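A.B. asks: Below: one structure in structure tokens.
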Amino acid sequence: MFTEQRTGELQKVSLELIGEARRLADELGQEVIAGLIGKDVAGLTGGLISHGADKVYVVDSPVAELYMTEPYTKSIVAIIEEVKPAIVLFGATSIGRDLAPRVAARWHTGLVADCTSLAIEEGTGNLLSTRPAFGGNIMATIACPDFRPQMSTVRPGVMQKLDADPSRKGEVINFDAKLTEADKTVEIIEEVRETTKRVNIEEADVLVSAGRGVGGPDKFQPLEDLAAVLKGTVSGSRATIDSGWLPKERQVGQTGKTVRPQLYMACGISGAIQHLAGMEESDFIVAVNKNPEAPIFEVADIGVVGDLHKVLPLVTEEIKKAQLAEANK
Ligand SMILES: Cc1cc2nc3c(=O)[nH]c(=O)nc-3n(C[C@H](O)[C@H](O)[C@H](O)COP(=O)(O)OP(=O)(O)OC[C@H]3O[C@@H](n4cnc5c(N)ncnc54)[C@H](O)[C@@H]3O)c2cc1C
């Protein structure tokens with residue numbers, strides 16, 4: 001699997017991929033091998049091993065300091081040549097979506113993009129990759145029986161990372177991918193970081209999620225207040241995004257992000273199947289809805305039937321009181 005790091009920081013999706021790779025490898029009786037590319041990235045290997053990798057192939061080169069398609073493609077292609085894996089996984093991130101098709105084309109193999117689940121087919125041992133198709137109206141399961149390696153990109157937030165086990169042992173291999181300056185087919189003159197604070201709802205531990213039931217863009221205060229006391233983030237259903245109440249990056253669901261927070265609070269969300277697909281794996285789900293028949297209650301651990309504009313301020317007040325009591329202990 002390809003390990004994604006940016007400016008020396010491991011991306012959460014990499015640990016999720018290792019967790020999934022571990023599960024698949026155990027089923028096949030194979031090893032989990034992480035490919036790590038960058039400059040001065042050796043410090044990240046311990047975290048990869050403690051989260052489930054058996055071996056880490058490190059390509060450490062000044063040429064690979066910043067992500068660039070060609071040097072990274074060359075490195076991954078060379079690692080595949082060396083280890084001959086059955087399966088190669090990438091995060092379905094902007095980097096993974098750029099890199100994986102190139103690698104697949106160089107190996108003349110198939111790639112299933114943007115998967116939401118992976119399984120091993122009984123008997124053949126083939127990888128079965130499932131992803132939404134035809135505008136999200138069906139789930140397609142795709143296999144690549146004739147070519148190797150089998151390749152998939154996996155949506156961030158879908159797979160579960162394993163807890164770190166610092167006692168796990170693994171091997172680190174410094175791999176020479178023979179990168180040279182000539183591999184840089186583009187020159188990065190300047191890197192400009194976006195200054196507006198983009199919210200990554202996939203990383204949040206607590207999501208207070210808005211549905212059409214909130215009632216309008218000027219009615220979010222109770223959700224903002226609750227998110228503030230819970231150190232959480234406000235996300236939303238597609239109805240709130242389509243109405244322009246929240247930016248697209250905050251959409252939860254089949255055509256939005258898949259999230260798995262510790263706490264997901266669905267406020268005025270009916271619980272359509274396309275919404276549930278993005279949040280039903282959350283650790284604990286609380287739903288507030290006026291309609292006792294709303295399907296969201298079927299996946300909720302706690303359901304409150306009521307007007308969210310009345311319920312949420314009361315919940316926020318109670319949490320504040322509890323936090324104060326805790327602080328004064
Ligand atoms: C191909 C496809 C892909 C899709 N992808 C997604 C996706 O990624 N994510 C997604 O979310 N949807 C997606 N949808 C849309 C989905 O089918 C639903 O239309 C959408 O999730 C509905 O959003 P909602 O629950 O906010 O609104 P509604 O279904 O309109 O529900 C509003 C709820 O709020 C309740 N309510 C109203 N007022 C209050 C109040 N004051 N207090 C408490 N409760 C109140 C109502 O009882 C109701 O249950 C997709 C649809 C298709 C066809």
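Using N, Cα and C of the backbone, Cβ positions are placed for all residues, glycine too.
Features from TrEMBL:
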| type | residues | note |
| --- | --- | --- |
| DOMAIN | 1-188 | domain 'Electron transfer flavoprotein alpha/beta-subunit N-terminal' |
| BINDING | R212, 237-238, 251-255, 268-275, N289 | FAD binding site |
A.B. asks: Fewest neighbouring Cβ atoms within 10 Å: which of the binding-site residues I269, A272?
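C.D. replies: The binding-site residues I269, A272 were compared, and A272 has the fewest Cβ atoms within 10 Å.
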A.B. asks: Among the binding-site residues listed here, R212, H275, which has the most company in the form of other Cβ atoms within 10 Å of its Cβ?
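C.D. replies: The residue with the most neighbouring Cβ atoms within 10 Å is H275.
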A.B. asks: Helix, strand or coil for A272 (FAD binding site)? Use DSSP.
C.D. replies: coil
A.B. asks: Please work out the number of neighbouring Cβ atoms within 10 Å of the Cβ of Q251 (FAD binding site), leaving out its own Cβ.
C.D. replies: 23
A.B. asks: Enter the number of other CB atoms within 10 angstroms of the CB of Q254 (FAD binding site).
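C.D. replies: Cβ-Cβ neighbours of Q254 (FAD binding site) within 10 Å number 21.
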A.B. asks: Per DSSP, to which secondary structure element type does Q254 (FAD binding site) belong, with helix, strand and coil as the options?
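C.D. replies: It is coil.
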